[in-house]
């Protein structure tokens with residue numbers, strides 16, 4: 001006895017004409033994907049929440065740099081809270097069940113948090129550059145209000161740009177026939193015409209080239225300062241301990257944040273390259289490969305707290321205080337988090 005071995009095509013919406021095809025994963029693959037993507041989402045939320053609580057709670061961490069870090073963590077936390085859950089369902093089910101309007105809103109949030117992260121990293125590199133190259137001027141120029149101004153610029157521009165381009169549909173103006181040919185009911189894929197691809201690429205490249213250039217200069221200066229410290233005579237070293245300790249901490253912070261910037265570049269570059277290529281070659285990237293690159297970019301939001309925990313002793317100490325609930329003590333907010 002033989003059975004019909006043909007597999008009936010599955011659609012996102014069985015009763016709607018023009019519905020997208022649905023990939024039929026096995027139960028094991030679907031469960032595995034939900035577990036992996038769910039873990040990444042929880043890691044993103046938990047890690048960045050730790051960063052925000054640490055910097056907000058401990059008074060010793062109320063520095064201009066750390067306030068920028070807290071705002072960066074807020075962008076990553078918001079991504080994990082508002083974007084990743086819906087993206088997880090879309091990736092596993094290979095369908096978008098939440099409507100076209102929410103698709104655009106979801107894409108706007110996604111783009112907003114992306115550009116906000118880029119500008120935060122750029123402003124942090126400026127902060128670190130001045131701190132390492134001109135430590136005497138740094139406390140005068142980079143204050144908490146200045147960090148607040150940087151944060152306002154990063155958030156305001158990112159949100160206004162993303163919503164004005166994506167939510168209005170300006171991103172696919174002029175390529176509507178191609179979009180209609182690629183689209184189906186149950187899809188949610190953001191596409192850009194050539195004009196907006198170039199603009200978006202510049203908004204990615206300019207801040208990041210600036211960031212890389214500044215960190216290159218920072219590491220060159222730090223290396224030169226390290227050699228000068230090694231050449232310092234032992235008989236005057238004790239009088240320089242405090243100053244050298246402060247400079248060493250500034251250099252270490254620059255190194256750690258430089259690693260975070262490189263991680264962002266590695267995670268986001270494949271996606272941006274794909275978007276640029278697609279705009280000029282009629283969107284040739286296979287959907288599965290594109291989805292993998294999207295999640296590769298999302299993973300960056302979970303990486304930053306891991307980098308801080310590896311290279312920042314103060315962050316590890318703050319996490320121990322938070323998870324052990326010692327922070328409920330009234331005097332805990334003023335404790336010393338930095339090693340002597």
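Glycine is treated like the rest: Cβ placed from N, Cα and C.
No curator has checked TrEMBL annotations; they are predicted automatically.
Segment annotation: TrEMBL labels transmembrane segment over residues 146-166 (candidates 125-145, 146-166, 167-187). Per TrEMBL, the listed range annotated as transmembrane segment is 31-55 (candidates: 31-55, 231-255).
Looking up the ranges 292-315, 316-339 in TrEMBL, the one annotated as transmembrane segment turns out to be 292-315.
The transmembrane segment annotation in TrEMBL falls on one of the ranges 67-86, 87-106, namely 67-86. As a whole-number mean, the pLDDT of the domain 'G-protein coupled receptors family 1 profile' (47-308) in this prediction is 85.
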